C-alpha cells in the first residue's frame, strides 16, 4: 500500500481528462479543449471553429510535464477525433521528480503507450526510494509476427548495407522489452531488391505467396516502394518504408496504406528556396535523372520557386548518359544548378562537369545529401575521370539532407541516445568504414521504423482484444486488423534516435533539414532549416571560391558607349577636305565646260559624280554623332539623315560612273555585224535617263523603308559581369535584317556588274567618252573597298571605334580616289598643254564653230603639218650632203675617162662631157614649176630618186604637199 501511496503522490493533482467535442455536422471536427498545464499545436494556421477532415493537432505540456495518452489526434470523416476513448493528460514524470530518492523502472526507458505497471515488489530505504519492477513474461509462449523487408544491398542506392543491421538491432531491442508486445516476437524476412523495381516485383511475389504470412512490408528505395505500396492494398498490408523520398508516395488515393520514416524529397525544396532567397538568386537551372522520384520532386520545386518569384531557366534530364544535358547547361549559361540523381549517376554527371568546366567560382551545385560522404572518390568503371578530377569538380557544392540523427543528447523510446546508437551500429558493422557503407546516414530511419511498427502493433493489442481479435489472426483478407494498425501508425509520436517521429496526413515523416557544404574535400554543416516553423539556423561558416556567392546569371548592365572623339575629329577633317576637293573639281568642270576635251568626257555626269562624292563624305559626320553631341531622342533623325545622305550620294557618284561604262560597253563592244551601230551619235539624254533610273530605285527604296519600318533606337552596348575579363555584347534589331539585306544585295550586284563592264571595256578607244578608262579604275577601287568594308563592319559591330573607322575611312578613300582619278588628269592636261588658253583665244577670234568635228580635225592636221616640216628639213640636209658626195665622184671619173677611152674600141660613142640634165631633176612628188621655192641643191638630186619610185613612210606624196603647206 505504501508503494501505491508513493505512486499517487508522484501523480499529484491529475488534471481532468480532455474529451474531444463531437461535431454532429460530420463536415469536420470541433476544436478540442486543451489539457491543464498544456496547450494544442495546430499543424497549419487556422482561425476556424470547425477543423477539416484529416486535420491534425498535437498536445503540448508546460515545464517538465509529459503527455499521458495520445499526443496527436486526427479529425475523422464522421466528425470525431481519433482515439476518443483514450484521454490525454499533462502529468509530472514520477520517476524523476522524487526528492532525496530515485525510482528505477525495469526494463529501462520511459513507459510507452499500452504498457501496464504491475504491483511493486518492495520498498527500499526510508528515504522514499521506490522501485517499480515490470516483470517480463517468459518468451516460451510468444507468437511470431513476420515482417517482409526489401533491403537494397546494391544498385543505385545500396542503402541496405547499413539499414538492415540497424533494423535487426531495433528488433532485438523490441523483442527484449517486456512492455512492448509481451506475447509476440517480431522476425524479419528480408531480400536484396538491388533498388530495382523489376527485381522487387519477383521478390514481392515470393513474400506474398510463401509462408509465413507477413503482417507488414518494409521496402527501401523509392522505385521499389512505389511498386510495393501500390500493390499492398490488394492484400490489406501496411507498408512502412525507411528509405523512400519520392514525393509521389505522398498520394493517399494511390497509396492508402503507406507510411515512411524517411521524409519526402519535397522537404528539401523549402530549404532550397530559402537558400536561393538568402543568397539573392532569382534564376536557377535543373538537371535530373529520368525517374519518378526526381521528376515529382522537380515538379514540386518548380511550383515553390514560382511562388517565390524565382525562374527555372534551364531544365535538363537524362536517362543514363548526362553528357548532352551537361553541355546544354553550359551552352545556356546556367550558374545555379540543382541536381537530382542517384549516387552512381552523380559520378557520371560530375565527370562531364569537369570536362565542360562547369564548376568553380561562377557555379554552385545543389545535390541530395544522402550520398556516401566519399561518393566522388569511389572508383567507377563507368567514368573516365580520376579521383583528383572529381574532387576538383565537386568542391564547394551544397547539399540539403533531412536530419536523420538527433543532434541532441536525448534518450528516446529505445533508451538510447543518438551517439550510443551510432556506436552500437558501428559495432554491428564490424569496423566497416561508414563513408563506404551505403545507407549509413539512413540507418537511424530504419531503426526508428522498426520501433514505430512495434509501438503501433503494441497499441492495437488492447482494441483488438476488446473485439475478440488478436494480431496472430491477421490474414490478407482481414481489413479490420489492417485498419487498427493504420490508425495506430497514423497517431504515432515518439522520440527516436532520428528525432521526433510523427507522420503527417499523407503518411510522410516530418523533420528538419540539414544544410552542408563540401569544403576541402569533406562536408561541413553550415545550417539547419525547420520548414514547419520557417526558421533558418545559420552557422555562417559557408566558404566560396570567389569573394562571395556567385551571381545567378551574366549580369547585364546597360551602359552608353561613346565614340572616340579624337578618331571622330580626325576622320571629320579628312571628310571636310574631301568636300573641299569635290567643290574644286566641280568648279573646274563647270568653268571648262566649253573645252573640247572636257566636253568629250560628258561633264554633266562628272558633275553628278562630284556631287555624289560630297554627299557621301557629308554622311561621315552623322555616322559619328553620339550622345556627346545630340540628345537620345534625336538619334532617329540623325540615323535617317545619315541613311539618306549615304544612299543618294552612292547613287549619284557610282551611278554616273556606272552609266558611262555601261554605254561604252553597249556601243563599242559589239560584233562585226553590228559595227554600223557604232557610228551612231551617243545622245546625252540616254545617259541622264540611266542615272535617273538608278537614283529613282534608291529613292523609292528609302521612302518605302521610311514608311514601313522607320529607324528607331534598338541598339545598345552592354558590359557583362562576372567574368575573367569584361565582355562586350551588341544588341541588334532583327527588324533591320531584311531591308539591310535587300540593300546590300542590290548594291553588291551593281558593284560586281561595274567591275565586269570596266574589265570588258579596258581596250576600247573612243572620243565620245574619253575618260572611260579612268572611270573603270575608279569603279575598281570603289567596288573593292565596299565589298571588303561591308562584311568587316558587320563583324566589328561590337567595337564602336573600329566599326566607325572602317566605315568612315572606306567612304573617305572611295570619294578621294574617285575625284582624283576622274578630275586630276583633266586638270593636268589642260594646264601642261595650255589647251584651254588656245581654244579660248580661237573662240574669241572666230566665234563659236558650228561643226565641232571639223575644227578638231583642222587642229589635228596643223599639228601633223608642223611635225612633217621638221622631218622634211632633216631630209633636205641629208640630200644636200649626198649630192656633194656624188659631184665629187663624178669629177673624179671624168679625169680618168680620156686615158681609158684611148684603149677602148674606137667605134664606141664618145662620152658626154656634160651631165644629163634629166638626171638632176627632182624626184617625183616635188614640184618642178616653181624651182625658186626649192633649195638650190634639189636641181641635181635626180640620181637619188628613180622616176617611178614612191615616197617612203617618212616622205609626203606630191598631192599632200599643198595641204601641208596650206
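Every residue, even glycine, has its Cβ placed from backbone N, Cα and C.
Nobody curates TrEMBL annotations by hand; they come from automatic prediction.
These features come from TrEMBL:
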SIGNAL    1-20  signal peptide
TRANSMEM  567-592  transmembrane segment
DOMAIN    574-846  domain 'G-protein coupled receptors family 3 profile'
TRANSMEM  604-623  transmembrane segment
TRANSMEM  643-664  transmembrane segment
TRANSMEM  685-708  transmembrane segment
TRANSMEM  736-758  transmembrane segment
TRANSMEM  778-796  transmembrane segment
TRANSMEM  802-824  transmembrane segment
COMPBIAS  836-852  compositional bias 'Polar residues'
REGION    836-863  region 'Disordered'
COMPBIAS  854-863  compositional bias 'Basic and acidic residues'
REGION    893-966  region 'Disordered'
COMPBIAS  900-917  compositional bias 'Polar residues'
COMPBIAS  933-944  compositional bias 'Low complexity'
COMPBIAS  957-966  compositional bias 'Polar residues'
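Over the domain 'G-protein coupled receptors family 3 profile' (574-846) the predicted model carries a mean pLDDT of 74.
Residues 571-572, 575-576, 578-579, 582-583, 585-586, 589-590, 638-639, 641-642, 645-646, 648-657, 659-660, 684, 687-688, 691, 771, 804, 807-808, 811-812, 814-815, 818-819, 822-823 of the same chain lie 6 or more positions beyond the ends of the transmembrane segment (604-623) yet place their CB under 8 Å from a CB of it.
Among residues of the same chain six or more beyond the transmembrane segment (643-664), those with a C-beta under 8 A of the stretch's C-beta atoms are 602, 605-606, 608-609, 611-619, 622-623, 682, 686-687, 690-691, 694-695, 697-699, 701-702, 711, 743, 747, 750-751, 753-754, 757-758, 761, 764, 766, 769, 771-772, 775-776, 778-779, 782, 811, 815, 818, 822. Counting same-chain residues at least six beyond the ends of the transmembrane segment (778-796), those with a Cβ under 8 angstroms from any Cβ of the stretch are 654, 657-658, 661, 744, 747-748, 751-752, 754-755, 757-758, 802-803, 806-807, 810, 813-814, 817-818, 821-822.
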